[in-house]
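Positions annotated as compositional bias 'Basic and acidic residues' by TrEMBL: 8-17. Per TrEMBL, domain 'Potassium channel' is recorded for 139-195, 244-317. As annotated by TrEMBL, region 'Disordered' applies to 1-24, 209-228. Under the heading transmembrane segment, TrEMBL lists 46-67, 145-163, 170-195, 236-256, 268-286, 292-312.
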Amino acid sequence: MASSELTDQEKTQRNEANDNTEPNEGAENIINLVAARKLCDLKPKFMYNCLLVGVLISYGLAGGFVFKTFEAAPIDFEEKTEAIKATPSAEDLLNELLKTQNKNTEPFDEEWRRFAIAKIDEFVDVKTKAGQVELNPVEWSFADSWLFACTIFTTIGYGNIAPLSIKGRFFCMLFATIGIPLFSVVAGSLASFIMDLTRTLHAEYHRRKRRAQSAQQKKDDTSSPDVEGEVPELEITLKHVAMVCFGYLCLGSMFFSLGEGWSLFESFYYCFITLSTVGLGDYVPGHVHHTSLFGVYILVGLVLLIMLFGALEEVITKHCQKIKDKLKVVD
């Protein structure tokens with residue numbers, strides 16, 4: 001009789017436990033479905049962005065091939081050698097000026113000054129023209145051509161290398177006309193996808209963390225309250241984006257400091273000037289075997305900097321709106 005009473009009590013406890021866990025399991029299933037749906041929603045976006053990146057890379061490779069074909073023309077070394085041989089040297093100019101000066105009784109008179117200035121101008125003009133037919137012209141390797149194509153559609157434009165042929169310059173204008181808006185679309189889409197992915201992973205991480213805490217508390221105390229609940233959505237602020245961009249710039253600084261022999265500050269300066277598309281051209285990487293990795297670093301970094309500048313733009317816009325509200329400016 002006592003055993004039957006214990007059995008009834010155990011059944012009652014089990015029923016109560018089941019009643020308490022069923023709502024929790026139902027809520028947990030709903031959360032799992034929502035999380036799975038969010039991840040599934042990101043899959044088409046991921047495939048779409050992969051397609052965009054593939055199109056952009058293919059466009060850059062095709063552009064690099066065309067630039068290499070147009071600019072890597074056969075070099076007439078005999079013509080270039082004769083042109084450089086005919087170019088006067090600084091020593092020849094100095095000897096001619098001294099010879100003329102020795103014939104004059106008055107040193108450095110006005111007539112000699114005019115003669116010297118004319119000769120110097122002529123020397124500079126000839127040297128400038130000869131610079132266009134140098135013996136060691138820019139070699140348009142495929143890696144350099146692809147990197148040059150990337151600097152065009154990203155609007156970095158270092159200026160250290162440029163097409164010299166008519167067809168190369170014409171293609172450069174056409175390539176930029178299509179490539180710049182294409183890159184803008186790709187970069188904007190990637191930035192949006194990264195933010196969505198970050199929010200989803202953040203929510204999934206906290207969901208799993210709360211689920212583990214809830215399971216542990218149920219083991220310790222069956223009467224403890226459930227810690228499962230709604231996960232707060234991650235608000236990606238300027239601080240978050242700035243920290244990621246700063247870390248990415250520091251990573252690039254170490255890479256270029258080791259690869260190019262620059263100081264850390266010079267490397268950081270170069271990375272920022274490049275990724276902000278200012279592209280002054282005072283620092284340009286010169287190691288060909290780093291070109292492919294450098295191109296990837298540029299594309300990823302540009303997306304991050306676009307996110308940073310977008311966040312900065314939102315902050316500035318909010319402050320400007322507050323000022324307009326105080327001044328009662330009507331749009």
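Backbone N, Cα and C define each Cβ position, glycine as well.
Just so you know, TrEMBL annotations never went through curation; they're auto-generated.
Beyond the transmembrane segment (145-163), the same-chain residues lying 6 or more positions past its ends with a Cβ under 8 Å from any Cβ of the stretch are 56, 59-61, 63-65, 67-68, 70-71, 138, 169, 171-172, 175-176, 179-180, 182-183, 274, 277-281, 284, 291, 294-295, 298-299, 302.
Here the domain 'Potassium channel' (139-195) has a mean pLDDT of 89 out of 100. When the stretches 46-67, 170-195, 268-286, 292-312 are ranked by Cβ pairs under 8 Å to the transmembrane segment (236-256), first place goes to 292-312.
A Cβ distance under 8 Å defines the sequence-distant neighbours of the transmembrane segment (46-67), meaning residues of its chain 6+ beyond its ends; these are 140, 142, 145-150, 152-153, 163, 168, 171-172, 175, 178-179, 182-183, 185-186, 189-190, 193, 295, 299.
Across the domain 'Potassium channel' (139-195), the DSSP tally of helix, strand and coil residues reads 42 helix, 0 strand, 15 coil.
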